[in-house]
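Working notes, structure below.
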Amino acid sequence: MKILVDENMPYARDLFSRLGEVTAVPGRPIPVAQLADADALMVRSVTKVNESLLAGKPIKFVGTATAGTDHVDEAWLKQAGIGFSAAPGCNAIAVVEYVFSSLLMLAERDGFSLHERTVGIVGVGNVGRRLQARLEALGIKTLLCDPPRADRGDEGDFRSLDELVQRADILTFHTPLFKDGPYKTLHLADEKLIRSLKPGAILINACRGAVVDNTALLTCLNEGQKLSVVLDVWEGEPELNVELLTKVDIGTPHIAGYTLEGKARGTTQVFEAYSKFIGHKQHVALDTLLPAPEFGRITLHGPLDQPTLKRLVHLVYDVRRDDAPLRKVAGIPGEFDKLRKNYLERREWSSLYVICDDASAASLLCKLGFNAVHHPAR
């Protein structure tokens, strides 16, 4: 049994070698010749999986180690009788922590408290729900918009997108990309929406590039609209609008979900799905794969305020480490993908063990996802 795995899927070689012969291949462009005798294909979001790639090939199963699936033609796979699995929620924590790192940087730079801001969350799936929970744990007001979930009657106080635009100081997008249909998200943030944002608002896109109309956004920024922008995703990736990059406050190369934990979850989820598919069901404990974190433990004295939280968050991950490299190489062919391929190891907040002498600080840090304990001062 021959299994092709994306070369940037951590732990894929070791795990899938339990099931067959493993060959690691680049995801963009994928070497088509390798598909001629392969039984399974494990990809990431950079690989377009469709009829033109797989027609006439012996592939029986496709797994994507990503939460999003808009790069996969699921309907064609089903029609062709090819098994499929994604990894829903695998990088949700990573994306939430990316948003926090960005907001805390902007708050420090511009001198505001997040408690004074209302955050509008567009898309309340695995990422949006976790973001809501962490923001509300800090006492920060949130507004939720998710028309599909509202129409299904899912639990939640869902508001219209127009209301979020009118009331939110921070608008952050966490939707799939739907190019048509009743819940179309292509250019959901169009010129009209962008112009309607509150003066000084913060716009964040960490889902799919085309959810925000990049041309319209650049037009508004060039005309002097007072707006802070965080973009991790871009229309036309791996190409991007270099002029737009110069105008945004934070720009990164589609790495919001790139924690080691998130990548490992993606790999293990598709490994478990494929092992079940072939009748050799296996389970992998994530903590048996992950290395020891760079910072083993830290002691925190006193309560948790915003400056202290910012220091803890940026100790684990400071978004500026990914902004600067992109600006240096933007526009150079191949460099966007190279930044992603050679991405520095990044951990989640849970990797940091925090000893607190304040019980409320320990409790709050646990709610935020840190590994915190209360040890009273002696």
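Any Cβ shown, glycine's included, is placed from N, Cα and C.
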Among Asp146, Asp151, Asp287, Asp305, which residue does Swiss-Prot annotate as binding NAD(+) together with Thr175, Asp232, Gly257?
Asp146
Of the candidates Thr66, Thr246, Thr267, Thr268, which does Swiss-Prot annotate as part of the substrate site that also includes Ser45, Tyr258?
Thr66
Pairwise Cα distance for Gly257 (NAD(+) binding site)/Glu237 (active site) [Å, integer]:
16
Just report the maximum Cα pair distance in Å for the recorded substrate binders Ser45, Thr66, Tyr258, no decimals.
12
Within 10 Å of the Cβ of Arg208 (active site), how many other Cβ atoms can you find? Include all protein chains, please.
25
Compare the Cα of Thr66 (substrate binding site) against each of the recorded positions Asp146, Arg208, Glu237 and report the nearest.
Arg208
Length of the line joining the Cα atoms of Asp232 (NAD(+) binding site) and Ser45 (substrate binding site), in Å:
14
By a simple count, how many Cβ atoms lie within 10 Å of the Cβ of Tyr258 (substrate binding site), its own Cβ left out?
23
Let me check the 10 A CB neighbour count of Thr66 (substrate binding site). How many other CB atoms are there?
25
